[in-house]
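Working notes, structure below.
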Amino acid sequence: MSETPAAHTAAPAARARIDTTSERHLPWYHLALTGLASAVLAAIILLALGKLSIAGVVVLGYLLHLIIGFAYSRVREGRRWATDRFVSLLVFGAFGLALIPLVSLLMEVIVRGAPRLVAPGFLTGDMAGVIGGMDAGGIWHAIVGTLLVTFWASVISVPIGLFTAIFLVEYARTGWMKVLGKGITFLVDVMTGIPSIVAGLFGLALFVTVTSNPGIRIGMMGAVALSLLMIPTVVRSSEEMIRLVPMDLREASYALGVPKWLTIVRVVLRTAIAGLTTSVTLAVARVIGETAPLLLTVGALPLLNTNMVSGRMQTLPTFINSQYKLGNAVCNSDTLTNPITGIEHACSVAINFDRAWAAALVLIMIVMVLNIVARLVSYFFAPKSGR
Amino acid sequence: MPQAITVEDLNIYYGDFLAVENVNVVIEPRSVTALIGPSGCGKSTFLRTLNRMHEVIPGARAEGTVEIEGQNIYAAGVDPVNVRRRVGMVFQKPNPFPTMSIRDNVLAGVKLNNKRISKSDADALVEKSLKGANLWNEVKDRLDKPGMGLSGGQQQRLCIARTIAVRPEVVLMDEPCSALDPISTLAIEDLIHEMKEEFTIVIVTHNMQQASRVSDRTGFFNIAGTGKPGKLIEIDDTEKMFTNPANKQTEDYISGRFG
């Protein structure tokens, strides 16, 4: 280092200055203005074609802005920023596109389902004696049925799935157990692709064979059929979650003289609990709306039945299915009398559709509540790193 | 009362690959033994055989005898869990349990084993262990905060507190300072000095200054080449190792001529 101080001060001056003219980032309202210009242009084009609509302006305006915004940015901001703008716009566009079916589905279900949902007795009543276009009936029996069948399906699949995942990660590491683990993983992958109707047929065949009663339809059959669909989901996602627990933590526990099984229970599962909850919730959400296997195994019933091992049960998906299938009711007179309760009800042509939509809304709400519960569990049990 | 560790004819394998060949060594009780050597020479592997932690890695096994208090820990019928309760270990990367508070981390050895402990005993154990790890004054007001919220050096001392809380006779340390800054390293080295009053310590380090600062005896591992097994070349009093080693390889390594 024999440089003189003079050389140090001279060096920066000799360097090229940072370019401030050919590339620059303009404030956001430039983008907003080009967007507005594109929208106006789109409106004019559509008006000229006589096909003006909000959706048309949004779509055409977006496409025009891809070109206009890019060109404007290319001239004013340089190539790098123009590319940035263009790709950002594409990404936002894709996001918006993905949101459309989601939001419109929710809107549709709420708009169509909400009026019936708040009708008196809809959430607390059943379908006993409800005939024709009778403006009555409830889904309490179907809600209870869905919750019971799903609960028992979870009771069957969560332990099996979780233990399989633990075996795959913690034990299937060497020798013949590794080979066995690979075989199980393959079978689980195959099971993931089983069509739900096949699971239903399996549940049906199993119970018919065991009980020698071809007409048997009970809640537990549905739970078994659904668990067939749940287990692979639980295994694969739990396996991922357990694998995420760092080896360091297991070693730390072993080094304290903690046996393997306690390490798995107290360290591995405890650390992964947030992820495991999510995986179970996803598996439940996967099967709670299943219709085909339940049609085959649980059947339908207009009344409340809480006995899982005797008699048919109503579930929400099959309820929606059957109500929608009934279609428009025929109203020959203004009122109908419930033959069981003797109460007179008005006749409504669209009542079956209304019930189906309201039941669909309830199903969505149940899944949402499950997700919120899972979020809360994750939040309270997740590893904490705060000070 | 800490006992000497006597290692005889120890060969360590990963599957069919012989990783460390024919180690014979006596580790003195209540002393610090440092293991140095180039990367991949098997010093960490050897360290992990002293409490059978290497068995956690699929396919790893050891042949030979490691006697602690006259008992071969590789004899048939010896449960590795019981070995590890007597031979604790501190790892390269601080690894406090992320789901536990500072207090629970210290008590992990007790709580994870589902042992019952009264609150007053637990408090006393936490205080004693954290004081033993020179961490008490820094964390005594936030024992219920997560262990992950501490700095790297504090986390490593927390891991040492966790290890000594189960009262082992031997503490193995696998490059405990390699992820830490010089100040935290100094704190841990001071701690190692104090700990040898009570424990037999074996430490693996890449830092030769650290080996000469903290250890009473130093062992040098070397490897002839890639794919060859690592060997314990020489072990002697630290002072002699760093001033007048008997083996040419040791001298070359220590003087920085290779590795």
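In case you wondered, yes, glycine gets a Cβ from its N, Cα and C as well.
With a cut-off of 8 Å between Cβ atoms, the residues of this chain six or more beyond the transmembrane segment (A:28-48) that come close are 56-58, 60-62, 64-65, 68-69, 72-73, 76, 85. Positions annotated as transmembrane segment by TrEMBL: A:28-48 (among others).
Under the heading transmembrane segment, TrEMBL lists A:54-75 (among others).
Under the heading transmembrane segment, TrEMBL lists A:87-107 (among others).
TrEMBL lists A:139-172 (among others) with the feature transmembrane segment. Note on the transmembrane segment (A:139-172): residues 122-127, 178, 180-182, 184-185, 188, 219-220, 222-224, 226-227, 230-235, 238-239, 241-243, 260, 264, 268-269, 276, 280, 283-284, 287-288, 294, 298, 301-306, 308, 313-319, 355, 358-359, 362-363, 366 of its chain, located 6 or more positions outside it, place their CB under 8 angstroms from a CB of the stretch.
Annotated domain 'ABC transmembrane type-1' per TrEMBL: A:143-374, in sequence order.
Sequence annotations record features per position, and here TrEMBL assigns transmembrane segment to A:184-210 (among others).
Marked as transmembrane segment by TrEMBL: A:216-235 (among others). Sequence-distant contacts of the transmembrane segment (A:216-235) (same chain, at least 6 residues past either end, Cβ-Cβ under 8 Å): 145, 148-150, 152-158, 160-162, 164-165, 168, 188-189, 191-192, 194, 196, 199-200, 202-204, 206-208, 279-280, 282-284, 286-287, 290, 293-294, 296-299, 305, 307-313, 315.
Long-range contacts of the transmembrane segment (A:357-382) within the same chain, counting only residues at least 6 positions beyond its ends with a Cβ under 8 Å from a Cβ of the stretch, are 106, 109-110, 112-117, 119, 122-123, 139, 142-143, 146-147, 270, 273-275, 277-278, 280-281, 284-285, 288-289, 316-317, 319-320, 323. Feature annotation from TrEMBL assigns transmembrane segment to A:357-382 (among others).
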